[in-house]
């Protein structure tokens, strides 16, 4: 048995651990680390440069300076290893022990550890239930603490000031004991009985009902519990012994010129030792109390600054007024241990150089300069030369390489064959920023890069540099080839579209040869194959753009993989016919038989990838690139200033605008419009003018008139170079062409507001001085923005990666039935993202049935392009799919809930790090987003005041949740608040959807057909009507003093306006005017179908449009409430908006939502607030207080559902989660984030955002504890609570209840289970303090922790390794358990030994 345990012990090498635990160090522990006490502040002798004995660099304590050599030189050489020199006391061993041997300082008095004192919340303060101020008063010798009151009336632990202490001494003499400093605090901490205290707090928690008290108690209880569980003792937060860092980690290096550079820590240690020695001497001399006290305070301060300089009081500075770097500073921040050395290391076998274009390379190649290759592959070359017998020793080989003999180059050729290298361009924003290529040796000093991978690297050739890395081991080479090769990364992980797409001159060349020209040379000829066309072109019988007829015979493969042979004659052009040569077999000619713009090329490549697979796609992409370069060279497109056409009607358009502006200025001068209206109108006019000029310019640019073969004049698409460049997608856009040939338009000031005088000139005409000055205004802001944006975007990416890093695909199926519903994404009434795009690559959670009820797709199927098209054609408009949000896997996520791996086009593999992929996909386009906050003004405000809904597509009308009544004029009036109208196409799919506001007039009936341009409904955009649903006679109530009459001078009509409460007298302040309906007999009329009397309360400022005793019918308007223009808030756009969403920030003025479902009423108002009361069906009432200045969107007697918005504003995500649940929250965040990215034309798949939201929802708040060990009100990990509940429900006990909590990404990262990961992210001090106090264990499950401890990450190829290790250790434990439980020991013993040996071998193999 002993042998066996010994054997197992041997296996437990220090590098083979599964968890890392951090706890408080006891004084004994610190002494056990130490190799001796540091007694003197001296470092080295200034003459001999040898370390001083007992000093900070003492060789006796820390080990020898030179390998195997003692300090005095008595023992030298390896043979004396382990001897301790009797003269100088140094052990003869390797000098590297100076990196690991620690020393210690025995402190003359106890000192508090600043981290546990000042890192909020103060742990010492929580433990003692005292405030930080009180503790600091004791620690820094400003107050006494009663340690033992004896028989005096003083309280134990009472604080006494100096005077009070002296008074007490006079009164009671020596009957009591009071102390100051850390000793007093230490005594107090020692006196705490943790178990008894915990029990007392638990009882107190049950007894109290006050929320604040409960919170306070739970905080303390948590701390005490963590002390009990971790085995830490509270008094260890006070130090008696200070450990001293090994000297090599705080080096002292001689500079030339006889000076020394030293680590700041040495200075800090010196101060501590000096003060400690002085204090010891003072204590020996029995110095007066006040001197000793002062020295103790100074010692406390010097230990504080050594541990964390600047945390308390002024930071200690060195000679050059620079703050000294303390121990805490060593580990935190970008330059700290975590981020500088553990997460980012420098590597050997790497180099960097400028990149230049390599148009003749193939996609998997890169050009590597010979010089670089020779340097990078040196060790390989040496070994090859030796193997060949060309060199006898490494030294000889080295010489050969230095001389540059011809044999060396031959060997180099052999070495690099099939040996991939990695190319990386900083900043590496997503995983495509590092890719593997096969090197091709080239002359020169620049790396040649294949043009098609530029978009993945975001590289251009204006002086960019790239780094080269050599994968050394066989495994590394294998991974580089199979996973990182550029030919294996054709699709973007963000959206699944091809990322290897031609751009710029390649696109231009392809576009050029696929254009057609009317009446070009040889038009109408017929050819039997592309070779004939080539010969005709060579013979100059036809032109590249000539329209011809071509006989084709091709094999076409469709989505389902079915081959069909197509024959026939097609109309095409010479250029397109030539492209037939490179078209892969299986694709139809119709993919290339059109103008090849960038979009069309992308479509062709996508089709090729889906139908023929990656290999064909790579070849096709390369061939397209060669053709594009060839033809853009032959075309020689360039442009001159005459190509930028200025439209003839530009001048009259601008004149008209000037007249309109003058007219508005005149109205303003007469006081007819306000300053704001004038500004908005002017900006509107100029925006509109700019559009008109652009439109007219584009019409001139886009078409040119030519004569066809019959001699008629016809229009054809223009061959203007500028237009061709923009139309093909090679370079430039309409916006840029507008500035060249139209007008520059309105400019913005740096604060985002628009300057109302536009630049009417364009760049071809040239700008005058004023216009030039205005344009520099905006341009400078643009440059400043870009710099800020890069930093902000990088920080967002960092936070996203940190929160999502440990989401890895860990199992095939979590077995959940939960799902989310996917529907087309509608914005502004139009479908911006179709259903088929949203569900592609998802797994369906329920059978999908067509309109006729037959099942199209079965539950659990992964949707590919074919199935998605099937669903689309069958007219299904919503599909339930699995999502990362609903996945129930405890650690990580399952394949089924994630679906397709976008970068590979098939089901995601086990071990795929989908979290990091999600974070990179969201973060990478961050730099393309805008930074500005939009002030609504000008064009934006014009679009907000909508007053009707127009149909855009023809189709069938469908009402959704609409309540309507007919009024006396037979118009249909809408009386619902959340009603919508959809337009369905012939298959019943939703094409458009519109919200129809309360009080609109409907022009259509449910189910009728409409065509585009039909108006569905109209309403007044500036007022909100109150509409009667019953008919009867008007009777006013509470009008006296609360309502004033206005008589219109022109018409003589009277209207009643409700006064605001500020304008009323105190007697009428509380009155609430209302209108009620009575019948002929004076009885009150009820609402139709109810017993409730028809009363309409009138809010402030509403204008009553009926008079006393008027007769009204259902659907008539009683009053109008003017809508304030308070809706023009600033819209946060771009990057800040995305950051706000992911940080789950509460908006400035959040929308207030109904907490329960029921009927709205208003209660008694307070001074600044109105009281909204919702009465539930059960009769219970729920009250909400709303500030007076917020406009309430609902009216008395109206029914609301839980989660409906009652006060307008930006929704608060926490409210959405609480009231509407996880799915609605996910939908909100996904839609909002997508809106920002869509505005910039960036496509990101929803599931990336869902993955991040999943991580934001990791925590729950415990509502009731049940029979678990949780504490009420604490935040716990969702997976852990589920696990505990499973455990107690199996035992038949009560489960804990909880509520999901939404955390922002920064908070979620810091709240992760792994303290190593959290500490390396932000707030290192706080995280480590907390971890140490609670004795946290890091199970090393995430990626980051494993990188930090230098392991393979548990993802990708490391996933299998970790799995094997886990299984092996589980097996060993099982065997050991069985072994302990059996009687027949010897038999099992042999078995276990064999098992263990085989298990360890298998682990070793996996590691290798």
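Glycine is no exception: its Cβ is also placed from the backbone N, Cα and C atoms.
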In Swiss-Prot, the Zn(2+) 2 site includes 814, 894, 897. Which of 640, 887 does it also list there? 887
Considering the binding-site residues 460, 464, which residue's Cβ sits among the greatest number of other Cβ atoms within 10 Å? 464
Minimum Cα separation from residue 70 (Zn(2+) 1 binding site), reported as the residue among binding-site residues 460, 464, 814, 887, 894 that achieves it: 464
Most Cβ neighbours within 10 Å, among the binding-site residues 70, 894, goes to 70
Compare the C-alpha of residue 88 (Zn(2+) 1 binding site) with the C-alpha of each of the binding-site residues 464, 814, 887, 894, and give the closest one. 464
Expressed in Å to no decimal places, the gap between the Cα atoms of residue 460 (Mg(2+) binding site) and residue 72 (Zn(2+) 1 binding site) is 62
For Zn(2+) 1, residues beyond 70, 72, 85, 88 with C-beta within 8 angstroms of the site's Cβ centre include exactly 59, 71, 73, 74, 75, 86, 87, 89, 90
As a test of the contact definition, list every same-chain residue at least 6 positions from residue 887 (Zn(2+) 2 binding site) whose Cβ is closer than 8 Å to its Cβ. 814, 816, 893, 894, 897, 898, 1254
Cβ within 8 Å of the mean position of the Cβ atoms of 814, 887, 894, 897: remaining residues of the chain near Zn(2+) 2: 811, 813, 816, 882, 884, 886, 888, 889, 893, 895, 896, 898
Which of these binding-site residues has the least crowded Cβ, counting other Cβ atoms within 10 Å: 72, 814, 897? 72
Starting from the Cβ centroid of 460, 462, 464, the recorded Mg(2+) site, name every other residue in that chain with its Cβ within 8 Å, sequence order please. 355, 459, 461, 463
What does DSSP call residue 894 (Zn(2+) 2 binding site) in the simple three-state scheme? strand
Candidate with sparsest Cβ neighbourhood (10 Å radius) among 85, 88, the listed binding-site residues: 88
